[in-house]
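> The following block contains the structure, expressed as structure tokens.
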Amino acid sequence: MGLLSDPNRRQALINLLTRLNAPICFVCYFAGVAWFMGLAFEPFTLRTYMSENAMGSTMVEERFPAGERALATGREFAAHKKKVGGMPVDWLVKTMQARGLEVFTQSFSRTLPFPDENTERYVVKGTNVYGILRAPRAPRTEALVLSAPCTPGDNNNQAVGLLLGLAHYFRNQVYWAKDIIFLVNEHDLIGMQAWLEGYHHTNVTGMDWSPLQGRGGSIQAALSLELSSDVITSLDIVLEGLNGQLPNLDLANLFYAFCQKIGVLCTIQGKLQRNDWDSVSGYNHAVQTMMLMVMKQASGRPWGDHGLFLRYHIEAATIKGVNSFRHYKTDATTIGRLLEGMYRKLNNLLERLHQSYFFYLLPSLSHFVSIGYYMPAFGLLVVILLLRALDLWVQLTAQPSRTEDGTSAAEQSSPGVLSVLTPLVISHLTGAALYMLPVRFQEVAVEHFPVSETEAVVLTAIAVYTAGLALPHNTHRLLSGEGTETGWRVLKLVALLYLAVLLGCTALINFSLGFILALSLVPAAAFVTPHLPKALSAFFLVALSPACTLLFSVFFFQELQEMPVSFQDGWLLYLSVIAQGMLDHYLYGSLVFPLVALLVYPCWLLFWNILFWK
């Protein structure tokens, strides 16, 4: 405190920070990247542990015996699904009723803002079927959910069969203290969204659905099951939800504990656990696993039906069965026993899961990185913006020199309000156009160009994004006179503080998205000036723009999945990712598209304007 309260010492500190500003910024950037990469090194991470006392032990006896019967039910479900050409609603209702459940249905419909070419659908109509097993030993104020999506073709039939088998087995047990809801949802995420909105009496996406006739208690936890084979080699847990939300870490710990107990191979991001952490290959494996989680979380999309539960503060995860070429095989009975054990432990909860972490990264299922470990890496990047803003502030407030007529040079070249306000307004209007025009003008584009609706939306977005590059450096034509030297410094000071606040708020909601944006935007923001070579600087500034960051991320994600693609295939995948991001926003409320269009892109345009300042 004495250092800051003493004017002389404070001035000496400011002089030091301004004199060594550029070297300190370089050190902070590389230190932040190195800190983040070091998080995957096992000695720097924490071992996972069960924080919730009610789930602290796996000492329950799993007795589920009917794996083969469940697979037979799955085959019967597949036959009826093929016969009716979709969800066999009547058969599911009769089957659930025969197992002693209270059975209800919900119809829903949704018209997409533009066709989804990945699933070839535009107007979606479907029916959800769910059965409720009432708790015999409690006042029925709480509930658990087990869901299985009804997908086209031969996918996930085994999951529905196992769900029905577990419903029959659970019905004969007397220890349940919570209602258990068995849900089969149609049209994957759209059906799940309709059911959750109906269950909680909310409508945040404008979907049409019929009210639910039966409800259980307040949902405490949920699991979504995806099985498409009679035998599996491993179980993969998916945690990433809408807008980068994650379930309480104890839910992943519970899954890992029962996999260890029963002897099932378990993976995360499709990666098996490795013990050779002290080798280069072991470290690369951990980095790859952690970066896959970062990329999925940054996308903001739900990576399974569980992702929509998290919006309602319901801890949920998706369990996928993987059938690979490993010799180790697991049958349906073993999977059923694992789920039985998990639900029996969740049944013991006296309150919602809250003891463990909600903000974490997982380089493996046995180790995790908490928020206190990864936030310093982000802080080292953001502090660069504050250091550059401090340097500009010192330059702007330095004692001005006097001219012969007694006026200061700063007074002669002081920027007007319009010289700073005009780029801000135009940049944000461009962002608003990027957000609104693609969907609104798709019909006009289809009439005048030989493209589909989806292509029209994506190409319109790219056109608006590209056209925005021509606007900011022409804003001075709206003003009288040329921009001043002090003007671009004031604009950059405002833009640096704007970006620092924007990245900080983004990282609090979705750390992975904030960190990736910081990696690309901080270098561009820190060192752009009007005095740099225009062509080379413009190239690097475009390469570090949000659109190019997304393009690089698409190729990087494919490399992490060990499925590299050519540039042509990568470009088509890039266009598909843009379309999917818009659909996720309009269908489920993902915030990534409006965040980039309305805030990140306009902020980047301010630095583009500074580069071409006249």
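For all residues, glycine too, the Cβ spot is worked out from N, Cα and C.
TrEMBL does not curate its annotations; it predicts them automatically.
Among the features that TrEMBL reports, transmembrane segment is placed at 20-41, 357-387, 417-437, 457-475, 495-528, 535-557, 591-613.
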> Under 8 angstroms for C-beta pairs, at least 3 of them, ignoring pairs fewer than 6 apart in sequence. Is the transmembrane segment (20-41) in contact with the transmembrane segment (495-528) by that rule?
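Counting Cβ pairs under 8 Å, at least 3, so yes.
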> Within the same chain, where does the transmembrane segment (591-613) have neighbours whose Cβ lies under 8 angstroms from its own Cβ atoms, ignoring anything closer than 6 residues to its ends? I mean 6 or more beyond.
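Same-chain residues near the transmembrane segment (591-613) but 6 or more away: 243, 298-301, 423-424, 427-428, 430-432, 434-435, 465, 468-469, 471-473, 475-476, 483, 487-488, 491-492, 494-495, 498-499, 502, 506, 509, 513, 517, 521, 524-525, 528-530, 532, 534, 537-538, 541, 545-546, 581-582, 584-585.
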> Based on Cβ pairs under 8 Å, which of the stretches 357-387, 417-437, 535-557 lies most in contact with the transmembrane segment (495-528)?
357-387
> What residues in the same chain, six or more past the boundaries of the transmembrane segment (357-387), come closer than 8 Å to it by Cβ-Cβ distance?
17, 21, 24-25, 28-29, 31-33, 35-36, 39-40, 42, 44-48, 237, 239, 246-249, 252, 255-256, 266-268, 271, 273-274, 286-287, 289-290, 293-294, 496-497, 499-500, 503-504, 507, 511, 514-515, 518-519, 522, 525-526
